[in-house]
Amino acid sequence: MGNGASADAASSASNGPVTTPLSPPQSARSATVVKRNKQFQEVELKPTPSSGSGDKPQSRGQHSRSGDKPQSRGQQHQQQTTSSRNQTQQNPRKGDDVGASGTTGRQSQPNRSSSPKEEDIVFETFYHRSGKEFQCIYQSGMRFYLDDWGSKEWQPFPKRWYNEGLLVTNSIVKDDADPRNSGSGASGSGGNGQGSQGGQRRSRGGGQDDREGYIMHPTRGKLPTYIFYKKHNVHMYMDKDTGSWMRLPIGWELNHPLVKELVDQVEEAIPHWNDRHEILAMLRSCNYDPDECINIYMHLEGDEWLKVPKTAKDAKAFIAKDEKIAELEMKVRNLEIEVQKYKAEKEEAETLLKSQAEKISDLETETKQTEAQLMVLGGRPRTAARLRSKTPAPVVKERVNPQDIETLNGHAMDLRKVHTRLKMDVQRYMDSMKDMVRQLGPAMAKMKASETSQMGELEEVRALYRKEALQRKLLYNQLQELRGNIRVFCRARKDDNATNCLKFPSDQDIVATHPQYGKKIFSFDKVFDPSATQEQIFEDTKPIVSSCVDGYNVCLMAYGQTGSGKTFTMMGPESNPGINIRAVKELFQVCQDRAETQTFTMKVSIVEIYNETVVDLLNSDAKVLELRTAGNKVNIPGITEIPIKAVDDIKKIMKMGDKNRTTASTKMNSTSSRSHLLLMLSLEGLDKVTGAVSNGTLTLCDLAGSERISKTEAEGQRLVEAAAINKSLSALGQVFTALRTSQLHVPYRNSKLTQILQPSLGGDAKACLFVNISPDEFNFQETISTLTFGSSARQIALGQAKQNIKKGPGRGND
Ligand SMILES: Nc1ncnc2c1ncn2[C@@H]1O[C@H](COP(=O)(O)OP(=O)(O)OP(=O)(O)O)[C@@H](O)[C@H]1O
């Protein structure tokens, strides 16, 4: 521990490069990271012209082979794996986005027969010269990297990084639309959507990463997969006959008391999952972690593949059901097309009918006019004759030519014929219209009936889609949920009067030098020198804080000797607040941004742990609290929880807590630096659409001073205090060690501090430890002790962080 990372770096210099193409990034993380860092110092990577010709990047393998020493087996293996990577490095991908720098020489590409297409997904690893590794994805001309903690999204790949490290292509997942792209190991989905076969994109003999592949899920579509290397517990028994250790059969293992307890725990959480063999099988795959086992089951509950089929008969029925659904969907589509067709025809016929009716009315008007004209013209002589018989005939000059009358009569006759013909046409059209309407009637009724029944099915499909979308979001979050490792930041306080013993060669390294004790180097996720501002400190913790809104348990702790700046970092002065106030502000901001879709309730409690006693600081009587552990949860019956709605509320509550702390300390004759202060925020989010409820917690912890008893030379009560602090801080160290070494039993119960922090330090949380140090040479030994503690904590892999979300009963969750 301690500066183990640096020690590794030194020892790795002679070992040559370490390339672990088959290992996921989190395996043996810190050790290999430093080794790689060393290589980057040794191998200068020069940008090459974008044509890809000319200088090739100097490969690691070439460099490592330069030594003449005979090789060990391990070295030979390293060289083999390295040489396969060298091969990949010498084939820069054509047309790749290399950023502004155009440093294609820094990128490597396996020797493949085909270049990636726009829609292909290229998996890559970026080795930053700082020693960090990042998983990257390149698609459609864009490259993203997965930050290794805290953030919620794939981040755009920074351009400057092209000059700061090496990109290694791991694999290309081809677009399935073109069957020619399928690799030998790949197989697409089955015709009925049940195709469960996964694909591996490369041949096993090709020396490439055969851990990557994909599966075609019946509802989720194409899911990238990766076979992660993880250290797993294997339960064995000693076989007396052979004298060797044998793996316990599941049936036997179920009788083991510890395993029984774990299975009971899962069964209790999911009562309807009553196949104990299955539970144990899942537990085995979860490394005997019941929480992970429960979470997997909960996330995938109702999943198509989990439901069935267990027998070939079931499988057939399942497929038949799917075919039926597909058939029904097809029917709906056809019927919808037919309805559209009928609607169009009906509209056409109606338009025609209307125009014909207009024509008829025009013709009728015309006919009436003509008849009137005829009456006028044809009736005149007869009228004149009648008049002549009664009265003496006046002298009338005949003005109308009889021939004209004849012509007009002829026209009238023609018009009548046309009129009659048109009338017959209209009648015919009307009849055919009526026929059409008669035919349409039942078809429409049929359509309506089937539409109603199909609407139900469509609604079901929609509900399924909404559920899938939610699950996809969850899985996406999981994918991006970076390894959830504890992050360790180091902050050196400002002290103008100190004899400075610290140097800061980079933002991840710190060197402490003492004329008597020599020089020590430590590395952290981030090192803040004394000039770092409160804003800068918070900026790096922001992503982890805001993930509490998504239902994660988050914990920020400040560790260090008295006077090293823990309270300054966590609380800070009113004019320049520390993490506490800024974190709450940030949480309110995130909640406000999501107000359209979610509502949040925030509650706060403040407790102090003094001499292994938990005191409620929001209770004016400084009530002593009990801790009750249930699984991974800790209940504190009777604790005061105050709801907060604005940042000002938290300020008032903190003042109240501070006042009560002073009262309590007077009562107990203690000083604030001798107790741990914990500000605990619980955040419940309700998704307005799905009804899902998320429960996140944020614990902000200002630990008691870590100085050792010998130095404080305490007596009496101070000795008891120091012993209690020692006990709790060593318990914290033991918990870190147990987590680091993946022990089945993590000793959370060894102190009140670790007990209360269990949910934030367990396998499903995100934690951030600030190690606060003084730059003064006088404090050198305490500083080294603090830095060693921080280094040890840094090597812990908490596992994937998990959200605490319960499905809601509401829409979209059915
Ligand atoms: N980065 C900093 N810049 C300026 N002043 C600082 C900084 N860090 C600490 N200080 C000052 O140093 C003094 C001690 O810091 P602080 O009280 O935060 O230490 P502590 O580790 O919390 O001590 P204790 O264990 O006694 O609570 C305070 O006066 C604080 O204002």
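Quick reminder: no glycine exception, Cβ is built from N, Cα and C everywhere.
The compositional bias 'Low complexity' annotation in TrEMBL covers 1-14 (among others).
The region 'Disordered' annotation in TrEMBL covers 1-119 (among others).
Feature annotation from TrEMBL assigns compositional bias 'Polar residues' to 15-30 (among others).
The compositional bias 'Low complexity' annotation in TrEMBL covers 72-91 (among others).
The feature compositional bias 'Polar residues' is assigned by TrEMBL to 101-114 (among others).
According to TrEMBL, the region 'Disordered' annotation covers 174-217 (among others).
Per TrEMBL, compositional bias 'Gly residues' is recorded for 185-198.
Here TrEMBL flags 318-373 as coiled coil.
Annotation comment: TrEMBL describes 485-796 as domain 'Kinesin motor'.
Summarising the annotation, TrEMBL assigns ATP binding site to Gly560, Gln561, Thr562, Gly563, Ser564, Gly565, Lys566, Thr567. For Gln561 (ATP binding site), the same-chain residues lying six or more positions away in sequence with a CB closer than 8 A to its CB are Gly705, Ser706, Glu707, Ile773, Ser774, Asn779, Glu782, Thr783, Thr786. Under the DSSP three-state reduction, Gln561 (ATP binding site) is assigned to coil, being neither helix nor strand.
Taking the mean position of the Cβ atoms of Gly560, Gln561, Thr562, Gly563, Ser564, Gly565, Lys566, Thr567 as the ATP site, the remaining same-chain residues with a Cβ inside 8 Å of that point are Arg493, Ala558, Phe568, Ser673, Gly705, Asn772, Ser774. Listed binding-site residues: Gln561, Ser564, Gly565. Those with a CB atom under 6 Å from ligand 1: Ser564, Gly565. In the shown protein chains, 18 other C-beta atoms lie within 10 A of the C-beta of Gly563 (ATP binding site). The Cβ of Lys566 (ATP binding site) lies under 8 Å from the Cβ of Ala558, Tyr559, Gly560, Asp702, Leu703, Gly705, Phe770, Asn772, each of which sits 6+ residues away along the same chain. By neighbour count, meaning other C-beta atoms within 10 Å, the densest spot among the binding-site residues Gly560, Gly565 is Gly560. Look at Lys566 (ATP binding site): DSSP puts it in a helix.
The number of other Cβ atoms within 10 Å of the Cβ belonging to Ser564 (ATP binding site), over all protein chains shown, comes to 29.
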